[in-house]
Amino acid sequence: MPMSLRLHNNLTRRVEPFAPLDPSSPTLYVCGPTVYNYAHIGNARGPVVFDVLAALLRRRYGALRYARNITDVDDKINAAAQAQGVPISTITDRFAAIYRQDMAALGVVPPDIEPEATAHIPQIVAMIEQLIANGHAYAAEGHVLFSVSSFDGYGKLSRRDPDEMLAGARVDVAPYKRDPGDFVLWKPSSADLPGWESPWGRGRPGWHIECSAMAAAHLGPTIDIHAGGVDLQFPHHENEIAQSECAHGGATFARFWLHNGMLNFSGAKMSKSLGNIETVHELIARHPPEALRYALLSAHYRQPLDWSDGLIEQAKNTLDRLYGTLRDLAALQADSGNDVAPSRTIPVEVESALEDDLNTPLALSVIASIASEARALRNELVHGGEPSTRMSDLHAVHAKLLGAGLALGLLQQDPAAWFSRGTDAGDDARITALVEERSTAKKAKDFARADAIRKQLAEEGIVLEDTPQGVRWKRA
C-alpha cells in the first residue's frame, strides 16, 4: 500500500494517519442538504471535496460505504410549503431532485446510501427511547430533550465549555427544559404540520437526532469519518456525538471529524441569512460546471475560500489551457497513426498530495506541471524531435495528465465537448464549416472573405488558433 493517508482530525486538532476499523469496508458519513430551497455554491464545497476523498478511499481500500443524508423534515421546509401553499412533499421532492442534478453537474458521484429522515422515523424513535432508558433524555410537555449535563464529553469536538455555552445569550430557554442547554430530540406537531405517532404523542424529530439515527442504521455505531461544513461543528456535530455515544454505551461515534471551510463573498461568509448567496443552479446555467468544481478545489478544504467571478474565470482559463493541451496531444497522436486511447493511471505525485490531508492545491499544481511537460514534448515533436522514441513518451504523458485529472474529477470530457461550452452539435458543425471556409479562402488568396469570417467568428466569441495541424477554434 502507498504512503499513509493522513487527515486532519478536528476531534484532536491534529493531522493523523488514517486507517479504517475494517480495511475491507471503510465508512464515511457526510451531512447532506435540508431540501427546502436551492443549494448555494457554499453548500457545494463539502460534497465536491468529500467526493475527492471518497474516490481516494475507494482506490486505496477497494471499497467504501458512503452515506450522505437528505433532511426532508424541518421547520424551514414547513415554512416554505406554507408560504407557497403546497404540500410539504412538493417542496422536498422538487429540491431533492434539483440537488441531485446540481451535484451531478459538478461531477459529484452519488453516495452509496442517501437516507431520508422521513424514512427512518422508527429508528429515530428507537434511539430516543434508548436515550431515555440510559438516563440521557427526558420527556416534557410532548417534547423529548437531551440532557447535556448527563454527558461528560459534551463540548469535546467544538472545545466549548458547557458552562459558557449555557451562559450564552442565544440559548433558547423553554419552560420545559431542565437546563438551558438541553436540546430537542422530539417535538409535538399540530394538525397542519408533518407528524408521526410516538410514545410521546404525535410529533416529529429534531434535526440532530436524524443524522445520529441514520448514520447508525447504515454505518453502525462507530464510523470512520464524519465530514461536513465547519459551520456544523457546533451545535449539530457536537449534539450528534452526545446522542450517539450515549445511545450506544459510550462507543466512539466518529473516529475522524473533517470540516471544510466556508466560502466568503465580498469578504463575508456566504449564507442565506445574509442574502449574499449564489445558487449552484444559477451558476451552472452561466458557467461550465467543471470550472466551478475546479474553483472549489483551488484552495485547501480547511481554509476559507474567497468566491468571485474572477475565481471562476481563472478556473475557466486554466481548464481551457489543459483541455487545449489534451486536444493537441490527441491530434498529434492521431496524425501519427497512434490514436489508441491512453489509460488513466493516477500519478504518484497527485496521489501523494491527496494523501496529505486532501491537498488539492498541490495536486492541481502537479497537473499544471504535467501539462507543461506535455506541451514541451509536443513542441519538440512538431519541430523535428525523434518521432520513434518521443511519440511513446507523448502517449505516456497524455495518460498521466488524464490520470491526474481523474483523481480530482477533472479533465475527463472530450476536449471538443469542453470547448463547445454545452452548445449543440449543429452549432459546432456550423462553426467548423466557417473555419474550413476561411482556410479555403486564404489558400485562394481571398483575404477579404477570410477576414470577414474571422470577424464574424470573433463577434460570436470564437477564438481561432493556428497550429501545425491546422486551424483550431474554441469559445472565449
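Just so it is clear, glycine is given a Cβ too, placed from its N, Cα and C backbone atoms.
Quick caveat, the model's predicted, so the values are computed rather than measured.
It is 33-43, from the ranges 33-43, 143-153, 275-285, 319-329, that Swiss-Prot records as motif ''HIGH' region'. Looking at 199-203, 269-273, 389-393, the stretch flagged in Swiss-Prot as motif ''KMSKS' region' turns out to be 269-273. Counting other C-beta atoms within 10 Å of each candidate's C-beta, the binding-site residues CYS31, CYS211 are led by CYS211. Other residues of the chain with a Cβ within 8 Å of the Cβ centroid of CYS31, CYS211, HIS236, GLU240, the Zn(2+) site, are TRP207, HIS208, GLU210, SER212, HIS226, GLY228, LEU232, HIS237, ASN239. Across the range of the motif ''HIGH' region' (33-43), the DSSP-based residue counts are 3 helix, 2 strand, 6 coil.
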